[in-house]
Amino acid sequence: MGYGAGRDKYEPAATSEHGGKKGKGKGKDRDMEELKKEVTMEDHKMTLEELHRKYGTDLTRGLTTARAAEILARDGPNALTPPPTTPEWVKFCRQLFGGFSMLLWIGAILCFLAYGIRKASDLEPDNDNLYLGVVLSAVVIITGCFSYYQEAKSSRIMESFKNMVPQQALVIRNGEKLSINAENVVQGDLVEVKGGDRIPADLRIISAHGCKVDNSSLTGESEPQTRSPDFTNENPLETRNIAFFSTNCVEGTARGIVINTGDRTVMGRIATLASGLEGGQTPIAVEIGHFIHIITGVAVFLGVSFFILSLILHYTWLEAVIFLIGIIVANVPEGLLATVTVCLTLTAKRMARKNCLVKNLEAVETLGSTSTICSDKTGTLTQNRMTVAHMWFDNQIHEADTTENQSGASFDKSSPTWTALARIAGLCNRAVFPAGQENTPILKRDVVGDASESALLKCIELCCGSVKDMREKNQKVAEIPFNSTNKYQLSVHKNANPSESRYLLVMKGAPERILDRCSSILLQGKEQPLDEELKDAFQNAYLELGGLGERVLGFCHLLLDDEQFPDGFSFDTEDVNFPTEGLCFVGLISMIDPPRAAVPDRVGKCRSAGIKVIMVTGDHPITAKAIAKGVGIISEGNETVEDIAARLNIPVNQVNPRDAKACVIHGTDLKDMNADQIDDILRHHTEIVFARTSPQQKLIIVEGCQRQGAIVAVTGDGVNDSPALKKADIGIAMGIAGSDVSKQAADMILLDDNFASIVTGVEEGRLIFDNLKKSIAYTLTSNIPEITPFLIFIIADIPLPLGTVTILCIDLGTDMVPAISLAYEQAESDIMKRQPRNPKKDKLVNERLISMAYGQIGMIQALGGFFAYFVILAENGFLPSTLLGIRVAWEDRYVNDVEDSYGQQWTYEQRKIVEFTCHTAFFVSIVVVQWADLIICKTRRNSVFQQGMKNKILIFGLFEETALAAFLSYCPGMDVALRMYPLKPTWWFCAFPYSLLIFIYDEVRKLILRRSPGGWVEKETYY
């Protein structure tokens, strides 16, 4: 386990500060490969004399102030180089010109071009194109600002998280202790740390007293690690004499020499590794790109075909170019950009209410397409608090209550042995509750002390009342603190129980060491000699609890003889003058960081949703496996190679790995695997746990999953997780326990640190993908009744049935609210029962969606519009036969005697009023047929009658579009502003039959879909 490049003094990876050529292909790849290697350094193997020579530090007086200033000038401040951030204007431009916006910009430019051509050629300049260009530009700018504002809001929340680095450090220079800003600590400085401090740089410990550090942000180990001057392991991350930058000292004191500062620390290397990783495009960005290709393809194909056709029909070049531009622009769904942005924003808000903060909108959908989740164990799957799980006394195992709300099992507390055990656990314990928490529930209280002692303290407080009172009654007179050589902690107390001796000795520690010091055992409150049978019982209990992945402690006591130890006896803990052997064994207590309540259910949900959950942890394999079984990552009945070997009683190497569905892989084994071996494991095992892994390995695991084609979500809270968070398709950081570095690297933050929230997020992501399909299907359908009038106008030479301004009224007016309302649609079936979508096959917009929207529903809609158009012209005297070829005379403002079918003559003004009335009627017809389209788009497979009309926003959308259409048609002054004229009430009904036809047609199609799944109707029309 470890990080780093194979050099004693490791260089930081290239960042802009160090003149590295970032982003220059080969060099950068090489740097990243360097960073992925494990750390090697020699400092932990050196003697104090060698350290003194290497760093020139006096081991008692420290550096001189002058020398420290020189080193500071040479190495720069002891701080992490901030990751290169994207300037705000670049972010803004991305929103304005990225993806879909580009399509609209091209449309706008083409409009201005068409307007310019008409103006220059002195044809009657028609201002429609100018308006259209302006409106398109406005749409892009407004939605761009909106998306930018959304993301800026999330990044402001991020800014508020920055407070990772330690502020002050205690150094010794010229023999004096100085408190200086941690940024000014230099290599070779002599530094002192005490409980509660953050380690200011990578230190080589030269002296320590009971020092423990919390390395969880670096290695993921939840237990505090002892620090001492002893060289205990070749691996710098495992040895006791190195303390790492930005980890916490939880108790004791230590003095050390700074061996690395800033970016050269182990933590600094990880941060550099994270900031250098490139995240790819999000799945939804890929989808939108694909969609733009389709739309552009259709537009250009239609435009060019009709350009050639209009030349064949003897139009002038100039007119043909204007037609070409007109058709391309008519194909652009102006309202869709806004719809997609609003839909994603709504989902992001909904997720925020469910404790998922999404940093960029596109991540919303990515979570929905996730097929593998690599989850951290501590704090995400578990509660991140050690809790007493089992006890062994009176020769049987009792289960304690580990639930968060104390609703679980309780055990028999009447046995006198339990009273004795609880007394030892409370007295032989240095953990305390800080004052002022009397009204806080016991389990929620803060504790000063290490994780195991806190667990014991809370357990005894819950079962037996105030531990503080117990300690006050049984006053402590002597103590030997825990140390790594004797592996026990002992204290002597004045005994408050008058029926026993004056002094009570209590001891706890590693079970086998405690048992060795005992000659008797307490059963039902009576002392009995410790025979082989009882020793076996102890051994079995110890193995059983250890096998559950729990941390087991043994407890014993001794009532000291009143004659030997009279009142006021002076206990000497240096030269021990009291017995520490021949004690009475009382029992075992085992602790575990228990799983969160909702996790097993959610892991099951992931499994039925086809999502593979992999546990990646820095913890012990036994503990990791126990928790994996507890939360269902390894499901009941599935065995690992070790389980099979134990069952068949054969060596592990004789088991075929393919026989085991589950596997637990140790970090050290992972270190020696090549990419093919990792791929083999990921491919052939469904349930995988990686234990004792380093951050680099987490990154390698993520890359392995991505090679399999998986879309990977990774959760993490430590700095150690940030490279993997950055590399994953979606990185999920923890809001409560997460370090700032991990929050910076992630795409999403879980505000309650709970795995269950991820699954909620997956559900929301899948739902928005379905609903976006529906929104797009709805929006695209009206494109056909908008384009066909223009095409028929060119081919049949008839008066224009639908004008540009009216098209805008549909796309940016009546269609907007209904399209957005589909984002609120409920899921049709259980979304979490289907496999994750395959990004290569299952597209947001596919050929089937286009064929439904353009080829089927859209065509029926166009018929409805034309029907209204011909009805109005016929009522005014122009029968369809008269209209063919009438266009040139109709458009000429100097011809005032165009004859209708009845021989009446029409002036230019009168003709135009009839034409604009037709535009209005065509517009209203599209609104009427879009009612049916909105209702059929609610579902893709179910009948609307099964789904019901529960979506209130959608019902509002139906009324809103109708009200808006009526307003535009009847409001005084609209004839001047938008050239819309009032309609006779009967003309509203022209499109009703077509609306009904659409509804019936689609209900029948969905019925066939449900009756014969996988049939040709599904293959051709299910989008």
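Using N, Cα and C of the backbone, Cβ positions are placed for all residues, glycine too.
Per Swiss-Prot, the topological domain holding ALA114 carries a different name from the one holding ASN951, which places them across the membrane from each other. Of the candidates SER155, SER217, SER901, SER943, Swiss-Prot records phosphoserine for SER943; the remaining residues carry no such annotation there, which does not rule it out for them. Checking SER16, SER375, SER407, SER484 against Swiss-Prot for the annotation phosphoserine singles out SER16. From THR15, THR60, THR85, THR640, the position flagged in Swiss-Prot as phosphothreonine is THR15. Neighbour list (ASP717 (Mg(2+) binding site), Cβ cut-off 8 Å, at least 6 residues apart, same chain): SER217, ASP376, THR378, GLY379, THR380, ALA733, MET734, ALA737, GLY738, SER739, SER742, ASP753. Within 10 Å of the C-beta of ASP721 (Mg(2+) binding site) there are 34 other C-beta atoms, taking all protein chains into account. Within the topological domain 'Extracellular' (793-802), the DSSP-based counts of helix, strand and coil residues read 4 helix, 0 strand, 6 coil. Sequence-distant neighbours of SER943 (phosphoserine) (same chain, 6+ residues apart, CB-CB distance under 8 A): GLU1003, LYS1006, LEU1007, ARG1010.
The highest tally of CB pairs under 8 A with the transmembrane segment (132-152), across 289-308, 321-338, 773-792, 844-866, is held by 321-338. Under the DSSP three-state reduction, ASP717 (Mg(2+) binding site) is assigned to coil, being neither helix nor strand. Using a Cβ-Cβ cut-off under 8 Å and counting only residues 6 or more beyond its ends in the same chain, the transmembrane segment (986-1006) has close neighbours at 856-857, 860-861, 863-865, 867-868, 871-872, 921, 924-926, 928-929, 931-933, 935-936, 939, 941-944, 1017, 1021. Confidence across the topological domain 'Cytoplasmic' (6-87), taken as the mean pLDDT and rounded to a whole number, stands at 70.
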